Amino acid sequence: AGHLFHSIIPRGPTVPALICVFAFLTLFSLLANLLTLYTIERSGDFSYLPRFILCKSLIFSDLLQTVTFAPAIINSLARRQTMAFNLYCYFQHVVGGATIFSSLTTITCMALERYLFVCYALQYTVTVTRERVSKVLVLIWLYSAAIGVVSLSLVLSKGRQENVPDVTVGLLCEPDIMEQHVGSPRAPAIFRKVAGSLTLLLCLLAHAFSYFRMYRNASNAVVPFNESNAAARRTVLFYCGMLFLQLLPLLIKVTSDALWEFKGTGVIEMSAGSREDCLAGPSATAAGFHVSLLVMLLVPPCINPLVYGLRSVELRKALVKLLRWRVG
């Protein structure tokens with residue numbers, strides 16, 4: 001495990017720096033998400049609005065993603081060993097995949113909800129009800145959990161069952177690591193890539209449609225509303241930028257998958273050229289992809305509560321009121 005770790009992170013001074021980065025991202029994510037959730041729950045009027053019901057689901061997904069990934073990565077860095085292959089690996093595989101898909105589909109639903117609010121304000125209260133939003137969230141979590149469970153089932157059923165090493169070649173049991181650990185079966189890799197690509201494509205199309213319609217509505221401003229609509233256009237562009245940060249881990253993953261398929265370079269590629277030998281070290285490019293992906297996995301849980309929660313004027317006012325009440 002130590003040899004594999006140093007093949008991923010060869011320079012000693014890099015380890016303390018990475019521990020500080022992951023610790024900061026973890027603490028910031030926990031603080032921002034819990035503060036946002038506390039503000040929503042303490043403000044009774046907000047907790048029943050469809051927008052904030054979706055936001056609470058996103059916060060739960062981000063918290064689950066943070067506590068699943070961050071402690072395992074920090075522990076691996078602190079011990080200077082790669083992740084051991086055990087039951088916790090299975091838990092990371094399922095929960096990690098489910099939270100990523102849940103966050104992605106939830107922010108897509110939030111974009112559609114804003115589109116209906118902006119473009120169909122009169123029909124909004126009738127169309128977007130609390131009951132319908134709750135049903136959508138149930139479907140989101142069922143879909144996300146199903147992908148994680150099916151993916152793990154394919155890894156276990158199609159991968160090799162004998163001579164499996166006790167340690168993996170990564171700092172976290174993400175899908176590529178799990179698949180290569182059991183012999184790189186094709187079935188789970190194909191399922192993961194197809195499910196991820198289709199979900200990502202549908203979410204991008206939904207975001208593009210929603211933001212384009214909202215931006216066009218804001219552009220069709222009459223004179224008295226020029227200033228308000230200019231602000232609306234800036235808001236749409238801001239959310240587009242934040243969406244890119246949200247999707248950056250998936251884009252890194254898609255890039256690594258494409259390199260695996262077309263150039264023979266996976267997220268963790270065997271330097272000896274043999275996928276069967278899990279004790280071989282990764283290439284420099286593969287190790288860089290792996291560490292970059294781990295860092296970027298913890299970025300969305302940090303920015304989501306700020307972008308979709310505390311950036312709201314109503315929520316900030318409610319937070320200030322709560323803080324004044326506490327101080328007073």
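Each residue, glycine too, has its Cβ placed from N, Cα and C.
TrEMBL labels come from automatic prediction, so no person has curated them.
The feature transmembrane segment is assigned by TrEMBL to 15-40, 52-74, 94-116, 136-156, 194-215, 236-252, 289-310. TrEMBL lists 32-308 with the feature domain 'G-protein coupled receptors family 1 profile'.
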Problem set entry | Within-chain partners of the transmembrane segment (289-310) [C-beta distance under 8 Å, separation at least 6 from its ends] | 8-9, 18, 21-22, 25-26, 28-29, 32-33, 35-36, 39-40, 55, 58-59, 62-63, 65-66, 69-70, 73, 100, 103, 107, 110, 170-172, 174, 239, 242, 245-246, 248-249, 252-253, 255-256, 267-268, 282, 316, 319
Exercise. Are there residues at least 6 beyond the ends of the transmembrane segment (94-116) whose Cβ is under 8 Å from a Cβ of it, and what are they?
Worked result: 50-51, 54-55, 57-58, 61-62, 64-65, 68-69, 123-124, 127-128, 133, 136-137, 140-141, 143-145, 147-149, 151-152, 172-175, 199-200, 202-203, 206-207, 209-211, 213-214, 239, 243, 246-247, 249-250, 297, 300, 304, 308
For this session: Could you give the residue numbers and ranges of same-chain residues that sit at least 6 residues beyond the transmembrane segment (52-74) on either side and whose C-beta is under 8 angstroms from one of its C-beta atoms?
Result: 19, 22-23, 25-26, 29-30, 33-34, 36-37, 40, 46, 83, 88, 91-92, 95-96, 99-100, 102-103, 106-107, 109-110, 113, 130, 133-134, 137, 140-141, 171-173, 294, 297-298, 300-301, 304-305, 308-309, 315
For this session: Mind looking up the mean pLDDT for the domain 'G-protein coupled receptors family 1 profile' (32-308) in the predicted model?
Result: 81
